[in-house]
Amino acid sequence: MTGSALVTRLDVRGVWWVFVVVALAYAVVRGLGSGLVDLHVYRTGGEVWLTGGRLYDDFPGVLPFTYPPFAAVLFSALALPPWPVVMALWTAAGLALFTVACQVAARHDALPRTGLGLAAASLLLEPVRGTLELGQVNLLLIGLVAADCLLPRTPWPRGLLVGIAAAVKLTPAVFVLFFLSRRRWRPALTAAAAFAACGGLGWALAPRDSESFWFHAVLDPQRVGGLAYSGNQSLHGLLFRLGAPDLLWPVLCVVVLVATAVLLPRVRDDLTAVVAVAAAGLLVSPVSWSHHWVWVAPALLVLRGRTRVVAALVFAVGPHWLLPKSRDRELDWTWWQHVVGNTYVWLALAFLVALLIRGGRAASTTGVGAAPDRLETDPAIAFAAERSPRWRGR
């Protein structure tokens, strides 16, 4: 390693440590006040399970517990240490696994030195900030899924971490679609088996709560919050705010999932494919709070040029928070407010459409089939081409 490269690496690590320390301090200060409300929910859920209470009853002063009983079993560990210790350890674990996700994505993108820088800079993005402020589980889950899907080799059976993540919070189950699109049948089966095993363990340890969750709570959309709230950046939230017919949502979900299944085999690069699956999952989920969109961090490695800059700015600002919100005021938005207030949804749809239209064309050409000047000017072809082994050898 040259001296300049070593200095650059040390500089990046220094920046990362500064951001991590600031993020930890910020989270702890928020937690001592009124912040980290979701971490309170997790801890309370663990306490309720330990004491034999009912997980899906209303908790005084705490939001409803919306996760499977298996998650409550894991969260019971949060009930043991003092609250300041829980805050610090939880935030540190989230930052560590989020950094793993960024490092894995950057190495897969043949830019290993950008991983720490991406993790540090991404702390400025609204989904990541929101996750830290709420004490959400998103940063841990993205680390598990990214490592399972993107590492070239894993010491565990591939698919195991996706299954565990889905058992904690159902939405990561969508990443089985990534394994299926790559004809990786064993990881897909492993993910399904891990999910079933964790669910079975949850049922064995909390049978009454498991029955309540799988037959009642999981079907109740009101448990996760108001659909109209601007923070719900999903197709369901967008359509609800527009006053669209109820039938339109499941129809569009099928369209998105089918389109994603069609485009995935055309996308050679695993990172792009994983980001596409994440985008589809966020779109079709009944509720995708804006802090769920932490997948924007690795997505910034996929995007190119002005597209990357625009996406970074949008996700740094979080435009939906700038508009009238709460108490169903979103139902009275004007046309331009619907455009601005659903920006995450529009960008995800545009990303999938661009992949569907252009990704296959770029992948099907011989030698990746684009001249260097075309690669530099056409982002859709660039991210498909740069990830081809033949392009990297040029």
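Just so it is clear, glycine is given a Cβ too, placed from its N, Cα and C backbone atoms.
TrEMBL: automatically predicted annotations, no manual curation.
For 12-29 (among others), the entry in TrEMBL reads transmembrane segment.
The transmembrane segment feature in TrEMBL is assigned to 62-80 (among others).
The transmembrane segment annotation in TrEMBL covers 87-106 (among others).
If you look up TrEMBL, you'll see 160-180 (among others) marked as transmembrane segment.
With a cut-off of 8 Å between Cβ atoms, the residues of this chain six or more beyond the transmembrane segment (187-206) that come close are 49, 55, 68-73, 148, 157-160, 162-164, 166-168, 173, 175-176, 179-180. Sequence annotations record features per position, and here TrEMBL assigns transmembrane segment to 187-206 (among others).
Within its own chain, the transmembrane segment (247-264) is flanked in space by residues 177-178, 181-182, 235-236, 239, 273, 276-277, 280, 283-284, 352, 355-356, 359-360, which lie at least six positions past its ends and keep a Cβ under 8 Å from the stretch. According to TrEMBL, the feature transmembrane segment maps to 247-264 (among others).
Look at TrEMBL and you will find 271-289 (among others) tagged as transmembrane segment. If one looks beyond the transmembrane segment (271-289) by at least 6 residues along the same chain, the residues whose Cβ comes under 8 Å of a Cβ in the stretch are 105, 108-109, 130, 145-146, 149-150, 171-172, 174-175, 177-178, 181-182, 221, 224-225, 227, 231-237, 253, 256-257, 260, 263-264, 295, 298-299, 301-302, 344-345, 348-349, 351-352, 355, 359, 383-384, 387.
Annotated transmembrane segment per TrEMBL: 335-357 (among others), in sequence order. Within the chain carrying the transmembrane segment (335-357), a Cβ under 8 angstroms from the stretch's Cβ atoms is held by residues 230, 233-235, 237-238, 241-242, 256, 259-260, 262-263, 266-267, 272, 275-276, 279-280, 282-283, 290, 293, 299, 303, 311, 314-315, 319-320, 322-324, 380, all 6 or more beyond its ends.
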Using Cβ atoms and a strict cutoff of less than 8 Å, what residues sit near the transmembrane segment (62-80) while being 6 or more residues removed from its termini?
37-50, 55-56, 86, 90, 167-170, 198-199, 201-203, 205-206, 209-210, 213-214, 217-218, 223-224
